[in-house]
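Just below is one structure, and these are the notes that go with it.
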Amino acid sequence: MRKYIKIGVAGPVGAGKTALIERLTREIACKYSVAVITNDIYTQEDAEFLTKNSLLPPERIMGVETGGCPHTAIREDASMNLEAVDEMVARFPEVELIFIESGGDNLSATFSPDLADVTIFVIDVAQGEKIPRKGGPGITRSDLLVINKTDLAPFVGADLSVMERDARRMRNGQPFIFTNLMKNENLDGVIGWIEKYALLKNIEDPASLVR
């Protein structure tokens, strides 16, 4: 019986996927056995960033060079990532959480159900308040939508109440959360969601979750 949960993290370039994983691992690595697999087209830049900045030892972080469309590597042909998962589990049989970060992609990114048990999709306020209502599978079908960089709203003319209204409509009852990862704002809500809906802990919904 498999004992670990695979969490897929996707979203456009620069939205905060790597930052989210870095902040999460800092907070939860003391409670759970965690590993990370990153995807980049031609480099291992995200893996190198996490190695330098997260609290995880380097052997718990693995970079996959997809050499092509990042969407394909997490959906149509996830074989490289599945092999990376197998290797990570062989290294750490006690692992409980494996984060799999997609390379930067558009709003249509989705994970193969063989690769991810639950999915988090990250967008950011700097892309404009219209982003939630543009839809796409990442926004409408992910298990959790993270709307990051709330601190930038005044500088880009984004109304967070409009983004909340549109996200409610597009998500149709599925949870989402606003974050400012630079200051760890609502990071505890993301952790609470992971514990309740990925690890199936018997806890209350985090107060910062919106439906």
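Placement of Cβ uses the backbone N, Cα and C atoms for every residue, glycine included.
Look at Swiss-Prot and you will find Gly11, Pro12, Val13, Gly14, Ala15, Gly16, Lys17, Thr18 tagged as GTP binding site, backed by sequence analysis.
DSSP assigns Gly14 (GTP binding site) to coil, not to a helix or a strand. Of the listed binding-site residues, namely Gly11, Pro12, Gly14, Gly16, the sparsest CB environment within 10 A is found at Gly14. Over all protein chains present, the Cβ of Thr18 (GTP binding site) has 22 other Cβ atoms lying within 10 Å. Apart from Gly11, Pro12, Val13, Gly14, Ala15, Gly16, Lys17, Thr18, the GTP site neighbourhood in this chain, defined by C-beta within 8 angstroms of the site C-beta centre, holds Ala19, Gly104, Val122, Asp124, Asn148. Counted over every protein chain shown, other Cβ atoms within 10 Å are most numerous around Ala15 among the binding-site residues Val13, Ala15. Counting every protein chain shown, the Cβ of Lys17 (GTP binding site) has 27 other Cβ atoms within 10 Å.
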